[in-house]
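A.B. asks: The structure's right below; bear with me while I get my questions together.
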Amino acid sequence: MSSKPPAIFLMGPTAAGKTDLAIELTKVLPCELISVDSALVYRGMDIGSAKPSKEILAAHPHRLIDIRDPAESYSAAQFRADALEAMAEITARGKIPLLVGGTMLYYKALIDGLADMPAADAAVRAELEAQAEALGLAELHRQLAEVDPVSAARIHPNDPQRLIRALEVYRVSGESMTAHRQRQFAESRGADAGAGGHLPYTVASLAIAPTDRHILHQRIALRFSQMLEQGFVEEVRSLRARSDLHAGLPSIRAVGYRQVWDYLDGKLTENEMRERGIIATRQLAKRQFTWLRGWPEVHWLDSLACDNLSRTLKYLGAISILS
């Protein structure tokens, strides 16, 4: 048994039932919950993010929910710092951090650390945004391929946020994002919990999903329809009423929100909005599965099984995470 304190990751695609299982675990284990979800960090974005209800959050508090205004950004590096702080506080009380959510980049940031990148430069960013508007994202992607082919291969040509950030890093520092990461990795080998170090916990990685992908697709479609019935469009309408929010913000680009925003902009019909929202959520689930297939030592659970709690406890006992 490792001398490191234990932590549990409960991962899985959207609409798989992660929150329900996490709450069941807190009833039988000395765990406290930490949300790992890039949409749940935002206040006022409740319906479209499938945020647990106020009643559930009151009975089963989750850290890192409602910690940012939608006008603000929230990076993987910020998540790592916040999560490490929360995990340390939970561990100090003799309890186990139970991290639950589907933002796989956040989990990776915790496990592998992140390279220290140059701070954002407003002037450089404004110049790049102007270029994107005037010349198109394809031109920015071409520029990135010239100075950082590794990042260009990794970043989709239609991803303005990451394209601009990668070019910004190069223009501010004169060094590519790939070079920064490679140097940071070399310097951080053997480190513990620093920005590039490894996570100082013994982690049990769990993932929950239906074994039949068709069932997950049905659940995604049903949940999106339920969100619309619960007032998702009105929620986005309220966000649009704020003068400081726009479609380019990370919060508004969240799956579902950008489709409803486009609908309210008149770019989509109601049926198109519904269809594209469901498709985008399916694509998110596919990306989450891709991450999870490469995740080391993950223990899978079937969303439809009636004994997931006992299966989880048996697994945790078998790997001595609870010793």
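Note that Cβ sites are derived from N, Cα and C of the backbone, with glycine treated the same way.
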A.B. asks: Which one of 29-32, 37-40, 125-128, 305-308 shows up in Swiss-Prot as region 'Interaction with substrate tRNA'?
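C.D. replies: So the range that Swiss-Prot calls region 'Interaction with substrate tRNA' is 37-40.
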A.B. asks: What range among 161-165, 241-245, 296-300 does Swiss-Prot describe as region 'Interaction with substrate tRNA'?
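C.D. replies: The range carrying the region 'Interaction with substrate tRNA' annotation in Swiss-Prot is 161-165.
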A.B. asks: Using a Cβ cut-off of under 8 Å, list the residues of the same chain at least 6 residues beyond the region 'Interaction with substrate tRNA' (37-40) that approach it.
C.D. replies: 48-49, 51, 62, 64-66, 74, 79, 101-103, 105-106, 250-251, 254-255, 257
A.B. asks: What are the non-local neighbours of Pro13 (ATP binding site), defined as same-chain residues 6+ apart in sequence with CB under 8 A from its CB?
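C.D. replies: Counting only residues 6 or more apart in sequence, the Cβ neighbours of Pro13 (ATP binding site) under 8 Å are Gly102, Ala209, Leu216, Leu284, Ala285, Gln288, Phe289, Leu292.
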A.B. asks: Which numbers of helix, strand and coil residues does DSSP report for the region 'Interaction with substrate tRNA' (161-165)?
C.D. replies: 5 helix, 0 strand, 0 coil
A.B. asks: Could you tell me how many residues in the region 'Interaction with substrate tRNA' (37-40) are helical, how many are strand and how many are coil under DSSP?
C.D. replies: 0 helix, 0 strand, 4 coil
A.B. asks: If you average pLDDT over the region 'Interaction with substrate tRNA' (161-165), what do you get?
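C.D. replies: Summing pLDDT over the region 'Interaction with substrate tRNA' (161-165) and dividing by its length gives 89.
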A.B. asks: Would you pick out, from the recorded positions Lys18, Arg125, the residue whose Cβ has the largest number of other Cβ atoms within 10 Å?
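C.D. replies: For the recorded positions Lys18, Arg125, the Cβ with the most other Cβ atoms within 10 Å is Lys18.
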